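Features reported for this protein in TrEMBL:
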- 6-25: transmembrane segment (TRANSMEM)
- 46-64: transmembrane segment (TRANSMEM)
- 76-95: transmembrane segment (TRANSMEM)
- 123-145: transmembrane segment (TRANSMEM)
- 157-179: transmembrane segment (TRANSMEM)
- 191-214: transmembrane segment (TRANSMEM)
- 234-254: transmembrane segment (TRANSMEM)
- 274-299: transmembrane segment (TRANSMEM)
- 319-342: transmembrane segment (TRANSMEM)
- 367-387: transmembrane segment (TRANSMEM)
- 393-418: transmembrane segment (TRANSMEM)
- 425-447: transmembrane segment (TRANSMEM)
């Protein structure tokens, strides 16, 4: 049964999202289409950069899948989630300035523009583009599933109907507004996520009879729920180490995160974003995962762990407040999808189409139509992919994350910091990383109990070194200096 009190605040939120998209569309008409649509004319300040990085990083997995895992495995998973705290600092600290300086030098609009400018290999761009599209389809499908499950559980909207509402809304506002709409909505959505997380955590603790009573209840259900190792002793040292590599260190290699590092306006912005972003990630990760873990004291018999947050919203909050809070995980999901949709559209139009037909660059109207249309079509394809979802989405999301990291991490980092890096090394790294990760993840092999991302990154690093030995030396990368203007 649909709950009108819950749905009304959500409708208001979606109208605000569309309003920001229309504003971004009008701004888009004034500048160069490619620069404006895909990177917002490199105009982000510190606060917006922090919020867009955070909102892009915090996805359905963080608001739905992560708390679902904390519900299943206990307080140990909350500690595990906190190892993601340095993610923004690592992304901006390692890539930040140097990436932005080189992007301006090469007039790069996409990540693959950077790779081509650095390695001068069209084959490498094709491998990178196809890898990105395949992994993003998997990652975005997870977000669509998360959004539809939220609407189903919290608002009483049938899964299929919720999927249609959610998917069409995102495809429309992303295709209309482009990157500027994405980051403006991210800034607004980041604030919504912060407020919603604090309100829900307070509601869960109150419903459980206080923090002490909640922990006692978890202890009675299963003593492992309050142990550092977690239920089923899942949190072993190798698992935690490889999880840190997957969700923290490896984030440097995520294309939709990296592209944010070429879109800010000056050095002051990046310094401010590191501080703000780290604080916001800490609050969101701790708050949502703790709510999921303590939620088992309030809802001990959930059959689908991913439903813990939307179910808690309905149970511990008044209906109208639940509707306002529903916007928080919706914001997390929408911000991640629009970043990935834009990156996918940029890959199709800028990297593949214009790579084959550079003369088409002169026709900005056609490029605008193609970009919006490709974003819309991708959104509709994802609707079909999400029609029959799995039980727990966190593993599917981590699978896509790992695939992107195995392909992009070393070509990005070594391309920036190793002058001798060349196309042979980068291609060897991409191909070996992708194959190794696909084989290990598909077969569910955990060498020495490590997540497949660890051996995949080690093998791709070794392949980079070996391939590099047989290739020609690449273009020298200049040292990073202060970035004071566009």
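Every residue, even glycine, has its Cβ placed from backbone N, Cα and C.
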With the transmembrane segment (123-145) as the reference, find which of 6-25, 157-179, 234-254, 319-342 contributes the most Cβ pairs under 8 Å.
319-342
Counting only pairs 6 or more apart in sequence, are there at least 3 Cβ pairs under 8 Å between the transmembrane segment (191-214) and the transmembrane segment (367-387)?
no
For the transmembrane segment (6-25), what are the same-chain contacts with Cβ under 8 Å, counting residues 6+ beyond its ends?
154-157, 169, 172-174, 176-178, 180-181, 184-185, 188, 192, 314, 319-320, 322-324, 326-327, 330-331, 334
State the non-local partners of the transmembrane segment (76-95) in its own chain: residues 6+ outside its ends, Cβ under 8 Å from one of its Cβ atoms.
49-50, 53-54, 57, 66, 69-70, 227-230, 234-235, 240, 243-244, 247-249, 251-252, 257-258, 260-261, 270, 273-274, 277-278, 281-282, 285-286, 289-290, 292-293, 412-413, 416
Distal contacts, the transmembrane segment (234-254) - CB-CB under 8 A, six or more residues away:
57, 73, 76-77, 79-80, 83-87, 90-91, 94-95, 228, 398, 401-402, 404-410, 412-413, 448-451, 453-454, 457
